[in-house]
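Asker: I have a structure I would like to understand better, so I am pasting it below and will then ask my questions one at a time.
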Amino acid sequence: MADDTSSPMDRFCGSTFWNATETWYTNDPDFTPCFEQTALVWTPCAFYWAFVIFDFYYLKASLDRNIPWNKLNVSKALVNLGLLVITALDLIMALVKKGGDSELPLYDLDVWGPIIKFATFLLLFIFIPLNRKYGVQTTGCQFIFWFLLTVLSIPRCRTEVRLDAERQKILNSQQPSEQDFSWEEYQFVSFFIFFTFTSIMLILNCFADGMPRQTKYQRGENEIPELSASFLSRITYQWFDKMALKGYRNPLEEKDLWDLRPQDSCSEVMPIFAHHWNQNVRKNYKNKARVEPKAQFSNGNVTFENPHGEKNGRKKGMASIMPPIYKSFGGVFLFGALMKLFTDTLTFAQPQVLSLIISFVEAQDAEPEWKGILYAVLLFVLAAAQTFILGQYFHRMFIVGLRIRTALINAIYRKALRISNSTKKESTVGEIVNLMAVDAQRFMELTTYLNMIWSAPLQIGLALYFLWQQLGPSVLAGLAVMIILIPVNGVIASRIKTYQIRQMKYKDERVKLMNEVLSGIKVLKLYAWEPSFEKQVLDIRDKEIATLRSTAYLNAGTSFLWSCAPFLVSLVTFATYVLTSEANQLSVEKVLVSIALFDLMKLPLTILPMLSVDIAETQVSVNRINKFLNSEELDPNSVLHDSSKPHPMSIENGEFSWGDEITLRNINIEVKKGSLVALVGTVGSGKSSVVQAFLGEMEKLAGVVNTVGKLAYVPQQAWIQNATVRDNILFGQTYDRKRYNKVIDACALRADIDILSAGDLTEIGEKGINLSGGQKQRISLARAVYSDADLYLLDDPLSAVDAHVGKHIFEEVIGPKGILARKSRVLVTHGVTFLPQVDSIYVIKMGEISESGTFDQLVKNKGAFADFIIQHLQEGNEEEEELNQIKRQISSTADVPELLGTVEKAIKLARTESLSDSISVTSADSLMGGGGSLRRRTKRQDSHDSVASAASLKKKQEVEGKLIETEKSQTGGVEFAVYKHYIKSVGIFLSVATLVLNFVFQAFQIGSNLWLTQWANDQNVANDTGLRDMYLGVYGAFGFGQGLCNYGAAISLFTATLHASSRVFHRLFNNIMHCPSEFFDTTPKGRILDRCSSDVNCLDLVMPLNIRMVMSTAFQVLATIVVISLSTPIFLAVIVPIAFLYYFAQRFYVATSRQLMRLESVSRSPIYSHFSETVTGASTIRAYNVGDRFIEESDAKVDKNQVCKYPSVIANRWLAIRLEMVGNLIILFASLFAVLGGQTNPGLVGLSVSYALQVTQTLNWLVRMSSDIETNIVSVERIKEYGETKQEAPWELEQDKNKPKNWPQEGRVEFQNFQVRYREGLDLVLRGVSFNIQGGEKVGIVGRTGAGKSSLTLALFRIIEAAGGRISIDGVDIASMGLHMLRSRLTIIPQDPVLFSGSLRINLDPFEIKTDDEIWKALELSHLKSFVKSLAAGLNHEIAEGGENLSVGQRQLVCLARALLRKTKVLVLDEATAAVDLETDDLIQKTIRTEFKECTVLTIAHRLNTILDSDKVIVLDKGQIIEFASPTELLDNPKSAFYSMAKDANLV
């Protein structure tokens, strides 16, 4: 070797580093030994040292510890050790054999080469025990290192083998050689040992290490294989194969799914997010005084700070969710961004290789063949690398999206438990649920594309740079076109946004209205008001569709612009290029590379505007979420818990409001330990508000509220969860059978539980839909008693129950001898009876305490209280013994003659009317029948209990007790019928038009490209400007055709899909309104709403885009195959196996993915229904202080949803990797055939390869979109399912028109052997009831709960249809007329007063057929006139959702007003006296007696005076009539059940 070698590298090696003639310009390429020993070894080493930081990060982030030693890691360690030994030996041998005395000079390479390798291997060696200790099962950097090292050592293998062969030649030649080959021999052996070891390491690194012994979270049988999958398995998603196979064989079910990865579960995500949120909140306060610790995660409890802050700390602005999101999830996101950057660079290498291929074909045989093959393989490698990296990138982004969604849902949930009442007023439950369902979801969809914000401009920039190299300054013309198009698009996008906000508004309105309609569906049916509300909903829907239509036209416009954009750009650019100078001629390479680059620009250019719209939408969502999370919360310090105060509950000088005007003022209340305090007063005087003030639900303006001890609260309107009766009573506490039975008996629930199909394991529907008002109230009370608290706030728990049950409950539970005797209790009550037994009484009037004291003191005062009592006694609806008690009490206190006189009168009255509705007629051991029988029953119950716990019974109970049907998730393929149904809704003409237009569009596109290559190949253009202009003109025409077709296709498609979704919704809603009421009993409201909101939303917005994408991609794939086959016909041979592979991947994927999507959507609705339940019951949850348990439940539901969501994300990646590899094969074969096939037309070759380059993306989209259609068509399937449910009888029939306007004229009601059951398969509730009521008779119906009283009325309205027998009114069989005809001619005052949001007027007269005078008259008679007059808006007073802004009594009076407006011959009064105080009750009774004098009145009785003056009484027991006569007649007969009832109550 000459010593004057030029480059430093040559000196370093002592031989040439790079020799171009040997490597490139030759038919037999090879590297120099120096290059092989430096560059090819140091590249992997440099890579590893650069990225080793990731390995350290994984050690830190790992949740596991301590992997046991096993075969794998031991062999890794040994082989690694071997490599260390061999490199050390290399160094020693070099120092021994070379330099110094030996004739071989010692070069730097001989020393530094081994040292660098040694250092790298040492680092790798250190990681083996480290990974083992920290539980890291696989690492990517190491795998890539070994992979690179092995691959890059291959050239040296070839060199060494060749050199060895030469050595053997020299040695074998007979001339004795002077040379000493020992160093070369050593190198040969050492290298092959080294190479073997690296290959072994590569193979060992393909597998993951064993399972760690210590894990932070329990790892079950069912853990996700990804946790212990090797790097190779992770990047190819091979660990998902099992699931894909399983899903292909039979539809996946929930039990097949894997557990969630711990790092994605709420318990890992929440603390991080909460920590950053709290930091962010604190930043928004000027007063930095409060320094708080980090968000602690103690036993699953994350605290969020209140951004509304203390009253004093001034707020700088809203705390936004964005900074915490960046901080919590930014790391993973940035790593993803790095990957994105990398793939973007790879993308642009492809056109460069393409130009190499074209010049290779142009050169025709001048170049050696191996170069062509190299280019083809290079294209393939670039594409494959991109595939793997993109796969990981999307996976990461999805995970970030999922975590953000988890964080937001949980933050919203936790906030909803704490919002103040003024906040609650601002938004309905539906809107709050939407934050969770829509807005949090939107984030998830955006994260995947968010990186395009910087990536798209970067791609455009790179494309322009390479284009400049091809075409020079003419590119600027093209750029100008793009820049002009952007603002045009911006304008359209902003228009679209305004439409979208409008559409969201309409959607919210529609969902809110539907929510109410479904909540009050029973009432709507009773009143026959469905058409009015149906019209309201459909009107909103029509507005929504109109908005969507405008959006669709704009969308088509953007789509037109963007399909024209790339074309316009290339047209302008090429035109400028050839027209600026004669010398500028298009060559094939220029044209095709430019087209490839323009195509690369197409995607970022399309995505940017879409992204801007998306970001704008997400911005709207962020603002909505921020507004909610920053809204006012209840002040946790409004109620103090100061145990030094003398009494456990007190309010001093309290002033409270519900957020606007002051409701309570000058409140001073003290509740002594263990005492019972009653709050009395008229309707709307503020009794309930006092209770709320104790709970801290009201805004405290002044004063001190103090409670010490655990609270229990019984609200006026019971809040019942959708769970079993037992769960509702236990309310999260452990089940203690003795205590539980005691509570049930005390609350008089035993009999009710016995009636229920599965006892106390019966599931209760949403809002307690399958229980009567009294049962709900008693369950609510039982929950309080069971909770064994110290303080009890009872808000009128006795209003909804019958008088006797009320007495029983007072004695057993509330009163001085009850279970709660030792507790401190506040009781709001309307009944006078119990007042003598309470410790003190507070009389509330107009929001102030008018007087207080014991019963005796108040009677002496002759103040408001005495009047209150006198008034009550005059109504005469108390039992005789109770009156005697009051009489004794009063006479013992003082001489108040007028009071005593009233009592005497009342007693006389009571003797004559003693009748109670609460005693089962036939059972002797009734509730009150002496202590003995009660004790007997308890004993019996206990023994019964032990039997019941036997498994067989339990199973039966559970099955029977299921009320809510579990949501079916369809399995298997979506039937073709569903597609047919959808296409039918779309219309045949539009479907065909869309297809044809898309086809023509593709034809134009191929045409224009072929035309360009034709032009580039034409040699005559150089000299003939006319020819050139002709080429240019035709090219332009092609483009124009493309644009037109595209616009046409978009318009026809959007019109078609909208038409479909509008028809589908009409049909769906119409059907739901026609469903019989049993459908609403068994289907939760949330599920129906889900159909009407998210499924319809899917048809409105998602389907059109999906179908559009599928069409365009399908045609594009077709075009690609056509073009490639034109250029290289042999390609058709390969397309068959490739298509086969493709089809397989697609089938496997679709089967699995579709089922996962279904499972996911089924597991999603519980999150929302649990949430809306929580929002409704927030005050109860807070009172019992069980917020944490509910948060845990919510977290569990979110996690469960993730369990279904995560595999479907992975399924997407799994498919993408496989499909893109199929696409990459197409690239490989298209380019290989082009290079080897001897094709002479470089234009066609280039075209086919450039089409092949796009096919990967297109294929991927095609499967994704077609499976999306399959998944979203599920929405059509679900809607179709609800569109085909069983309908009730028709509303109107032709023959109804012949009936007289004022039918029924007499009001004769006749039951003939009538039988009825609630649902198919249940027992009869009425078993052959026959009676006859003359027109104008007043009839009372009595009987214990469950005797079938309500069923009578429901049957009369045909809410439940007859199972046998008939009912006729005025001689007409009611089964023969339309439901509305029947229902609109009967009047009912229902048990629960249901109001709808809207004006008061709409609530009284939804069809707007009555005059104002009639309405005012009705209001006057129902004693609401003065109230309505006092309202600013009068009849147009807005009523809140569910009538929340009226008191319960006022709601009841509104129902009375409705009845008065209707005024038909038959009136049904159903337990209408439940929640009303006696005053209101009296008003209602009087009004009914006077106004409905002429009518037939059926009363389901509660209190004696309501029935006593009736003409007849029906006594029902177990669904049969046992007595039917006038009350006096029955009381005269000592043998009658009626009499024994009265006797049981010691009244006769």
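A Cβ is built for glycine as well, from the same backbone N, Cα and C atoms used for every other residue.
Automatic prediction, not curation, is the source of TrEMBL annotations.
Pulled these features from TrEMBL for this protein:
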{"type": "TRANSMEM", "residues": "39-58", "note": "transmembrane segment"}
{"type": "TRANSMEM", "residues": "78-96", "note": "transmembrane segment"}
{"type": "TRANSMEM", "residues": "111-128", "note": "transmembrane segment"}
{"type": "TRANSMEM", "residues": "135-154", "note": "transmembrane segment"}
{"type": "TRANSMEM", "residues": "186-208", "note": "transmembrane segment"}
{"type": "TRANSMEM", "residues": "324-342", "note": "transmembrane segment"}
{"type": "DOMAIN", "residues": "334-617", "note": "domain 'ABC transmembrane type-1'"}
{"type": "TRANSMEM", "residues": "373-395", "note": "transmembrane segment"}
{"type": "TRANSMEM", "residues": "449-468", "note": "transmembrane segment"}
{"type": "TRANSMEM", "residues": "474-492", "note": "transmembrane segment"}
{"type": "TRANSMEM", "residues": "560-579", "note": "transmembrane segment"}
{"type": "TRANSMEM", "residues": "591-611", "note": "transmembrane segment"}
{"type": "DOMAIN", "residues": "649-871", "note": "domain 'ABC transporter'"}
{"type": "REGION", "residues": "927-953", "note": "region 'Disordered'"}
{"type": "DOMAIN", "residues": "992-1271", "note": "domain 'ABC transmembrane type-1'"}
{"type": "TRANSMEM", "residues": "1117-1145", "note": "transmembrane segment"}
{"type": "DOMAIN", "residues": "1309-1543", "note": "domain 'ABC transporter'"}
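A description of the local structural setting of each listed feature is requested, covering burial, neighbours and distances.
Answerer: Long-range neighbours of the transmembrane segment (78-96) within the same chain, counting only residues 6 or more positions beyond its ends whose Cβ lies under 8 Å from a Cβ of the stretch, are 106, 110-111, 113-115, 117-118, 121-122, 124-125, 128, 183, 186, 190, 193-194, 197-198, 200-201, 204.
With a threshold of 8 Å between CB atoms, the same-chain residues lying at least 6 positions outside the transmembrane segment (111-128) that come near it are 12, 37-38, 41-42, 45, 48-49, 52, 55, 73, 76-77, 80-81, 83-84, 87-88, 90-91, 94-95, 139, 142, 145.
Away from its own ends, the transmembrane segment (324-342) comes close to residues 269, 272-273, 275-277, 279-280, 389-390, 392-393, 396-397, 399-400, 403-404, 407, 447, 450-451, 454-455, 458 of its chain (Cβ-Cβ under 8 Å, at least six residues beyond either end).
Same-chain residues lying 6 or more positions outside the transmembrane segment (449-468) and placing a CB less than 8 Å from one of its CB atoms are 333, 336-337, 340-341, 344-345, 347-348, 351-352, 397, 475, 478-479, 482, 573, 593-594, 597-598, 600-601, 603-605, 607-608, 611, 614-615.
Sequence-remote contacts of a segment are chain residues at least 6 beyond its ends whose Cβ falls under 8 Å from one of its Cβ atoms, and for the transmembrane segment (474-492) they are 460, 464, 467-468, 554, 557-558, 561-562, 565, 568-570, 572-577, 580, 584, 598, 601, 605, 608-609, 612.
Tertiary proximity for the transmembrane segment (560-579) is limited to same-chain residues at least six positions away from its ends with a CB under 8 Å from its CB atoms, namely 467, 471-472, 474-475, 477-482, 485, 488-489, 492, 585-586, 591, 594-595, 598-599, 601-602, 605-606, 609, 1001, 1008, 1012, 1028, 1032, 1035-1036, 1039, 1042-1043, 1046-1047, 1050.
The list of residues near the transmembrane segment (1117-1145) in space but at least 6 beyond its ends in sequence, with Cβ under 8 angstroms from a Cβ of it, reads 1002, 1005-1006, 1009, 1215, 1218-1219, 1222, 1225-1226, 1229-1230, 1233-1234, 1237, 1239, 1241, 1244-1245, 1247-1248, 1251-1252, 1254-1255, 1258-1259, 1262-1263.
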Asker: Quick test of the contact rule: Cβ under 8 Å, at least six residues beyond the ends. What residues does that give for the transmembrane segment (373-395)?
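Answerer: Result: 235-237, 336, 339-340, 342-343, 346-347, 349-350, 353-354, 356-357, 360, 448, 1209-1210, 1212-1213, 1216-1217, 1220-1221, 1223-1225, 1227-1228, 1231-1232, 1234-1236, 1249, 1253, 1256.
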Asker: Take every residue in the domain 'ABC transporter' (1309-1543), average their pLDDT values, and give the whole-number result.
Answerer: 85
